[in-house]
Structure formats: structure tokens, C-alpha cells
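Student: The structure under discussion is supplied below as C-alpha cells; questions concerning it will follow.
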Amino acid sequence: MASTADDRTGTKEAEAVPDVLATSPDTTEGAGRNGEASENIGADEIPGVEQEGAPALSTLGAEMPGPAEAVGASAELAPILPKGFASADERPREDAAAPQPQLSWYQRLRRGLARTSSQLTGQIASLFTKRKLDEATLQDLEDLLIQADLGVETAMRITDTLSSERYGKDVTGEDVSRIMAGEITKVLGPVAKPLELDLSHKPHVILVVGVNGTGKTTTIGKLAAKLSGAGLKVMLAAGDTFRAAAIEQLKIWAERTKSDIVSSKLGADAAGLAYEAYERAREKKSDVLIIDTAGRLQNKAELMAELEKIVRVLGKLDPDAPHTVLQTLDATTGQNALQQVEIFRNVAGVSGLIMTKLDGTARGGILVAISAKHKLPVYFIGVGEGIDDLEPFEAKDFAEAIAGLGGA
Ligand SMILES: Nc1nc2c(ncn2[C@@H]2O[C@H](COP(=O)(O)OP(=O)(O)OP(=O)(O)O)[C@@H](O)[C@H]2O)c(=O)[nH]1
């Protein structure tokens, strides 16, 4: 499923992210606390990451003095977070001067969701041809909505609203689409949030988890580009110690995004690597440490236990770490994604989601069902393989794309 590292990273250069929505808090307070916490780590929890014959860990990447160092010295020089992120104490504000979202990603989102929406709107249109709204039609509509992965709860919200507005009357496909978009927006609105970074933690640790091939490494590259483009000092940790290609792929992303990287030998213990990466990030005064993990199926108990251990080890270094646990979900997956979230959430304490591959033949309905059930924040969506193909999640855009409303 995965392509080569070269394929994945493409040819475009990393770009600074100009969108300005929030400033960060003073970052000078966290370092001392982390220093104390690190002494409490149990020796049994730190597997040997130092290997004989080869340096077990390497730190590559930007050595240049980043603006982030200045951040530690003065709150006035705090980095300005890019669009889609928020600092812990200041929510992003609507910025009239911010550039409007590019049409291109929106078109890709709509194209990705076109199969879901055109199939659904086609079926809805034929359902309501010359029929007044009655119980049987409402039941048929509910079935269609459930088949589109929207989930029973949202399907019922849509049919209930339609029924209260139009029962016994003529109904057009457009009526249904409008109500559908409105109800989906109500479900997604509360979960469409910026990714909040608490930069008093130095580093703020982001752990990225998910099933194989869901886009973890690519998403990390895209996040690193946004953060380092905004002047933050970023370190990546190649915690997917199973696949050499995954480590190489992350190194390429580190180079492209001017991030530091900590990696280990193939087969090294992932929790040990996470521990070492945290220490390195603290030494180098990184603002953000993003830890990649090996893809794993949610039903593989041994691999899930390894993930639990990574979380435990980080928690000994800083009781609040990992501060953010992101799960990537592949939008081409259907119902299985619900179970993926359930289990990763229990094991790794997932705090937010990123749905990738919405530019493909996506089945976006499942995100609605997941949001209704888990109410986890959805921070970004992936709309391509390129470095800038990560967009903040917007409930209304997404709802309209599924309902086949609005134009590109
Ligand atoms: N079209 C498209 N492809 C994507 C997107 N995100 C990731 N991919 C591709 O999906 C494939 C898998 O991505 P990876 O980032 O390697 O996924 P992973 O979760 O790290 O994979 P494992 O290490 O095997 O668990 C790669 O070919 C990526 O280029 C996206 O938003 N859109």
C-alpha cells in the first residue's frame, strides 16, 4: 500500500504557512518541571536503545538557531501558530486579513466525496419523485443515510427534521440535501476544532497513532511543515521501528521541513526511542516533538500493548505527556474506522482525529458517525500527498460536500 519515500514526499519545497490565527503563551515555565519529572523514570521502562556497533540514535536536521529559541527567552517573541492550531490559552480568532481557503483543496475534497454524495443524492432524488412525505418514505430515507455510513443517530436526526418540516407535503431532493447538510453540520460543528498546543510544555509532545497505511508519517510531515514554517522548533521521532522505509520516509520529511529527527536501529524498542527522543527534544529546547508510531491493526493485542507502553514511558517523563495523541483515519475505510477509534482511544488516549485521503474515493460519511459517537475533535483533513495538503477541518464545507450542496 505504501509507496516509496521519494514518491510520498514529492518535489515541492516546504513553504512557510502564512495564516495567522493565534499567538502562543510564555514558554519559559515548562522546562524546569520536565527536568524534575525525568528523574522519576523507572529503569525497567527504558529499554536499551543504545546499540553496539552503531549509534543507536541519530539526530539529524536543522542546526540553525530557530526562532523557537528566542521564544523561550521572551514571551513577546512567541511564535505565531498557523491556521488550524491554537495556543492553550488563546483560541484562534477570525482574522479578516487571512487568505481565503484555496479553491483547489476544496475541489479535491468535493471530488473525493463526490461518489458518496452523488450516489446518495441520486437515490434521494428518485425516492422523492412524485411522492408526498409519509412514514414509508422516511424509513427508506433513513436506510439510505445509514448505508452512506452516517450512523443511525444522524440518520434519525435528518429524518425527524424533514418530517417536522414537510410531513404530508411534496419534498424535493434539494429539501433533503439542505436538511441533511444542516444536521450534519450540527454534528460536526462541535468537533471541528483547532489543534491546541500548550507551549508551556517544552516540548509539547504529539504522539501519532493509527492503523497501517492510514497516513501517519505523511501527516506528520505536513504538520511539521506548518509548525516549523510558523517558527516553531520541531523534532520528529521515528517510532515506527519495524520498517526501514518508514524511518527513511520520516528522515526525508525532517529534511524538507527543517525539523530535527531522532531515529533508532530497525527493530529497536519503540518506547525506548520515545524516551530518548523526549530527552533530546528537551536538550535542544524543541517546542514540539512529534512521535511517529508503527501502523498496527487495532485487534493485535501485542502491538497495542506496545503503544500503551510508549504512552506510559512518556508519562513518566512528564505526567501530562503525550500532550496530544492524534489518530489518523483513512477516509476510504468504511465502518471499520468506528472500531479503530474505539480501541485506539482506549489504549492510547486519542485526543483528536485527522482524516486522510479525502481527495481519493472517500467514504466521508463515517466521520459523521464517529463524531456523533466519540465527540473527539477533528483537527485536520488530508486532501493529497503533498506537503501542504492538510487543511483545518471545517464542518460546513464537509457537510455540504456530503450533501452535494454548494459549488466548488
Ligand atoms: N491521496 C492521498 N494520499 C495520502 C494522504 N495521506 C497519506 N497518503 C498516502 O497514503 C500512503 C500511506 O501513507 P503513510 O504516511 O506512509 O501511512 P502510515 O500510516 O505512516 O503507514 P504505515 O507506516 O504503514 O503504518 C502513502 O502513499 C501516502 O502518500 C492524503 O491525504 N491523500
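Glycine residues also receive a Cβ, built from the backbone N, Cα and C atoms like all the rest.
The GTP binding site annotation in TrEMBL covers 210-217, 292-296, 356-359. Per TrEMBL, the feature compositional bias 'Basic and acidic residues' maps to 1-15. Residues or ranges marked as domain 'SRP54-type proteins GTP-binding' in TrEMBL: 377-390. Annotated region 'Disordered' per TrEMBL: 1-70, in sequence order.
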Student: Using all protein chains in view, find how many other C-beta atoms are within 10 Å of the C-beta of Gly210 (GTP binding site).
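Tutor: By my count, 27.
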Student: Using a Cβ cut-off of under 8 Å, list the residues of the same chain at least 6 residues beyond the domain 'SRP54-type proteins GTP-binding' (377-390) that approach it.
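Tutor: Result: 7-10, 12, 14-15, 84, 105, 108-109, 112, 188, 191-195, 215, 218-219, 221-223, 225-226, 256-257, 326, 328, 331, 351-359, 367, 371, 398.
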Student: Where's the emptiest Cβ shell within 10 Å among the binding-site residues Gly213, Thr293?
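Tutor: Comparing Cβ neighbours within 10 Å for the binding-site residues Gly213, Thr293, Gly213 has the fewest.
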Student: What is the number of residues in the domain 'SRP54-type proteins GTP-binding' (377-390) that are helix, strand and coil, as DSSP sees it?
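Tutor: Secondary-structure composition of the domain 'SRP54-type proteins GTP-binding' (377-390): 0 helix, 6 strand, 8 coil.
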Student: According to DSSP, folded down to helix, strand and coil, what is Lys216 (GTP binding site)?
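Tutor: Helix, per DSSP.
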Student: Of Gly213, Lys216, Thr293, Arg296, listed as binding-site residues, which ones have a Cβ less than 6 Å away from ligand 1?
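Tutor: Close enough to ligand 1 are Gly213, Lys216.
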Student: Which three-state DSSP class does Arg296 (GTP binding site) fall into?
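Tutor: In three-state terms, Arg296 (GTP binding site) counts as coil.
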Student: For Leu358 (GTP binding site), just give me the three-state DSSP call.
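Tutor: Note: Leu358 (GTP binding site) is coil by DSSP, not helix or strand.
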Student: Roughly where does the domain 'SRP54-type proteins GTP-binding' (377-390) sit in mean pLDDT, to the nearest integer?
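Tutor: Within the domain 'SRP54-type proteins GTP-binding' (377-390), the model's average pLDDT equals 93.
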Student: Quick one, of the binding-site residues Lys216, Arg296, which Cβ has the fewest other Cβ within 10 Å?
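Tutor: Fewest other Cβ atoms within 10 Å, among the binding-site residues Lys216, Arg296, is found for Arg296.
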Student: Reduce the DSSP letter at Gly210 (GTP binding site) to three states and note it down.
Tutor: coil
